[in-house]
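Participant: Dumping what Swiss-Prot says about this protein:
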ACT_SITE  D90  active site, proton acceptor
ACT_SITE  D265  active site, nucleophile
BINDING   D90, S91, G92, G93, F94, D144, Q188, G215  substrate binding site
BINDING   C303, C305, C308, H334  Zn(2+) binding site
REGION    246-252  region 'RNA binding'
REGION    270-274  region 'RNA binding'
Amino acid sequence: MLKFTLHKKDGYARRGTLELNHGKIETPVFMPVGTYGSVKAMNPQNLHDIKAQIILGNTYHLWLRPGLEVVEQFGGLHGFIGWDKPILTDSGGFQVFSLSDMRKLTEEGCTFKSPINGDKLFLSPEISMKIQTVLNSDIAMQLDECTPGEATREQAKKSLQMSLRWAERSKKAFEDLKNPNALFGIVQGAMYEDLREESLRGLEQFDFPGLAVGGLSVGEPKPEMYRMLRAVGPILPEHKPHYLMGVGTPEDLVYGVAHGIDMFDCVMPTRNARNGWLFTRFGDLKIKNAKHKLDKRPIDESCTCYACQNFSRAYLHHLHRTGEILGAQLNTIHNLHFYQVIMAEMREAVEQGKFADWQARFHENRARGTD
C-alpha cells in the first residue's frame, strides 16, 4: 500500500504525506540508515525521541546476516528489530556492485562471493524481491545496475537499459509474490541529462508508485550531482514521491528539496557522529578538538536534543577522546535530531510559501560557523 498526497508546492519544493502499511510519513523526510537492522548507536526509543518517521534497512547485509530464515520467524524486519514505523529497504545492488573484483554480472543477475565466508551467491531481480518480501519493508526498491559517476555515455546507456529490463522483472516478481507493500523504480543514466530522461521515460510504462534517483553521491564532484538534480528533479512525475538515494550533507538535503525531492537517506549523520563531527545550525563542530576541553556550553545552544539539553562540549570531548560508547550515542542523537529539525523546518516553510527565505537564512547561518 502507498498513497501519496501533495499538499503544497513552493517553487519546486514540495510538502506531502506518504501513507504506508506501517504508518504515515510527512514529507520531505530524512531516513536514518540501519544497515544491519540497527541505526548505529541508537535504539528504537532514541529514534522515536528524535521524531524519526521511517528508517532504512539494507537488503544485502540482512540477507547475509542474520539471514532470511531468522527474520521470517519474526514475521519480517519490524518484529525482529522492534520498530513499529515504516521501513524502506534498498535492493542490495549497490553493495554487490561495490564488490568489483569479486562479482560477475550477466543479464540474469550478479554472481559474487560472500565477504563473510566466501560462499558463491547470486542476486537477481527475482531474488531481491523475495528477500524484500520476507523483510516486509513498507517500501522496496527494484534491483538496478549501479552506474559509477565516471561511466562513459556508452556504458551508462547500456547500464540503464539493463536496469529498465530489471525493473520489469522486479515488478513482475513483486506482484507474483503478492507483496502488499510498495515498490519504487530507480532512475539511472550517470552524468548524462538525456540518458536520465530516457531512463525516466522508460520507467513510466511500469507505473511504479514512487521513483528514486540513483547513481548520485558515488564519487562525482558536487557540482555534477547538483547539475543532475536540476535536470531530473523537476521532471519527475508530480503525483508520485521522489527519493534521492544516499544523499547527503545538510546543504544537499536543502538543495534536493529545492529541486523537488521528497525523501533522503544517508549514513553521514551517524558515521560523522561516531567520528566526532557534529552538525549545527551555525556550521560543523569537531568535538575532538582540544579547544572544547573546558567548554561548558552544549553543542548548539539553540538545539533541543537530549545531548544538548544535558551535556557540555567538554564532557562530549572527554567521551570522544576516551572512546566511550556514550559519546558515540550522544553525538548520533544530536546529528540525527538536527537532520530531523531541518526537515521539519522545510516542511513548514513550504506550507507557508516561504521556502526561499528559509533557504537563504539556512545558508547564512551555516556559513557563520561555530565558535
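Backbone N, Cα and C define each Cβ position, glycine as well.
Map the listed features onto the structure and describe their local environment.
Facilitator: Cβ neighbours within 10 Å of D90 (active site, proton acceptor), excluding its own Cβ and spanning all shown chains: 30.
The local packing around D265 (active site, nucleophile), expressed as other Cβ atoms within 10 Å of its Cβ over all shown chains, amounts to 23.
Sequence-distant neighbours of H334 (Zn(2+) binding site): residues of the same chain at least 6 apart with a C-beta under 8 Å from its C-beta are A273, L278, F279, I299, D300, C303, C305, A307, C308.
Within its own chain, the region 'RNA binding' (246-252) has Cβ neighbours under 8 Å at 94, 216-218, 225, 264-266, 268, 279, 338-339, 342, 362-363, 366, counting only residues six or more beyond its boundaries.
Long-range contacts of the region 'RNA binding' (270-274) within its own chain (CB-CB distance under 8 A, at least 6 residues past either end) are made by residues 32-33, 39-42, 328, 331-332, 334-336.
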Participant: Mind telling me which of the binding-site residues F94, D144, C303 has the densest Cβ neighbourhood, counting other Cβ atoms within 10 Å?
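Facilitator: Counting Cβ neighbours within 10 Å, the top one is D144.
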Participant: Spatially speaking, which of the binding-site residues G93, D144, G215 is closest to D265 (active site, nucleophile)? Use C-alpha to C-alpha, please.
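Facilitator: So, spelling it out, the nearest of the binding-site residues is G215.
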Participant: Could you give the number of helix, strand and coil residues in the region 'RNA binding' (270-274) as assigned by DSSP?
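Facilitator: Across the region 'RNA binding' (270-274), DSSP assigns the residues as follows: 5 helix, 0 strand, 0 coil.
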